[in-house]
Amino acid sequence: MPTPGLPRLVLTPGEPAGVGPELVAELAASDIEADLIAVADPSVLADAARSRGVTLDLRADDGQRRTRRLPGELRYVAIPVASRVVPGVLDPANASYVLDTLARAADGCLAGEFDALVTGPVHKGVINDAGIAFSGHTEFFAARAATDVVMMLATPSLRVALVTTHLPLAAVPAAITALALERCIRILDGDLRRHFALPQPRILVLGLNPHAGEGGHIGREEIDTIIPVLDKLRGEGMTLVGPLPADTAFVPEQLQRGDAVLAMYHDQGLPVLKAQGFGSAVNITLGLPFIRTSVDHGTALDLAGRGTADAASLVTAARLARSLAVTRIRA
Ligand SMILES: NC(=O)c1ccc[n+]([C@@H]2O[C@H](COP(=O)([O-])OP(=O)(O)OC[C@H]3O[C@@H](n4cnc5c(N)ncnc54)[C@H](O)[C@@H]3O)[C@@H](O)[C@H]2O)c1
Ligand SMILES: N[C@H](C(=O)O)[C@H](O)COP(=O)(O)O
């Protein structure tokens with residue numbers, strides 16, 4: 001079979017004052033077998049590489065698929081920042097720049113220009129401070145691709161997916177509707193089969209309330225919404241365990257029963273995953289028509305420009321994106 005060449009991974013460094021640009025430089029210095037194309041201001045990448053002590057060979061992307069990339073080679077699609085970047089100092093003037101990089105990268109994936117997207121961390125607060133409503137990459141790409149998605153974070157031994165993502169805790173119960181839960185489980189089940197070679201995924205579904213509602217005495221969402229959806233989908237052949245009390249669902253004996261945990265909200269599932277694997281976990285958006293992986297950490301403004309931030313999560317995210325892209329290209 002003729003080799004199609006290297007997979008083309010598009011990278012968005014995220015918040016320019018955060019650690020994202022220097023981590024992209026570090027990734028580019030690695031020997032990952034993929035072409036790397038950053039959508040960014042090339043001067044931000046060059047400054048970040050210098051601060052990291054990394055030598056980059058930066059060139060504009062010509063759209064061609066290459067068969068070889070040497071460590072240090074990084075292509076770029078240029079988008080200029082609006083305001084000079086000072087590491088560690090947020091500037092709302094650059095919020096549109098960040099979103100423009102996400103939009104360009106996603107559109108390139110949708111058009112087949114790139115094989116997968118790997119994102120660095122954005123600062124949600126500064127984008128909102130600039131007057132632009134934004135709750136996260138996951139929601140942004142879902143809107144861009146006009147599809148439903150599911151956020152899942154993974155370490156080598158734990159996968160945690162979320163029914164709801166970035167919304168106030170007070171808004172969570174109303175967001176867990178039968179429709180939303182059913183859509184979420186269908187996407188999770190389907191993408192675990194498609195991308196993770198699990199022919200019959202076993203999903204551990206958490207309850208919303210303490211003790212999964214204690215038979216209705218500590219909340220009724222399990223009885224009124226979650227159990228009926230699980231029963232319906234089990235009837236279609238899915239393997240769904242639960243709803244489980246969240247406090248004991250992550251003990252090793254329980255985790256052995258499943259391939260992924262489905263948490264009802266962000267801080268029900270992610271603290272456990274990050275306590276186990278912070279810095280080397282990957283965030284994957286399921287349900288998109290393109291592959292998107294991301295770091296498990298934020299902008300780490302306290303570390304920006306120092307050259308000490310750990311690139312492990314970005315490197316792991318890029319390796320997973322590459323592997324998923326190669327599988328897709330060969331299929
Ligand atoms: N993938 C993303 O886009 C993403 C993920 C999480 C948080 N965020 C955003 O990042 C911003 C800051 O969030 P936060 O302060 O809660 O989390 P954070 O991950 O930026 O920082 C938490 C702690 O972890 C450390 N840390 C983070 N990344 C590190 C790395 N690569 N190497 C070493 N140490 C690292 C930081 O120094 C800090 O002490 C927020 O706006 C948040 O929304 C973005
Ligand atoms: N919820 C993610 C986390 O805590 O790691 C993070 O905020 C990034 O989410 P997006 O990929 O949707 O920006």
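Note that Cβ sites are derived from N, Cα and C of the backbone, with glycine treated the same way.
The divalent metal cation site recorded in TrEMBL includes H166, H211, and the single candidate from H266, H297 that the record places there is H266. Cβ packing within 10 Å was compared across the binding-site residues H137, H166, H266, and the lowest neighbour count falls to H166.
Distances between the Cα of H137 (substrate binding site) and those of the binding-site residues H166, H211, H266 are shortest for H166.
Looking only at other Cβ atoms within 10 Å, the busiest spot among the binding-site residues H211, K274, R292 turns out to be R292.
Annotation note: H166 (divalent metal cation binding site) sits in a coil segment as assigned by DSSP. A distance of 13 Å separates the Cα atom of T138 (substrate binding site) from that of H266 (divalent metal cation binding site).
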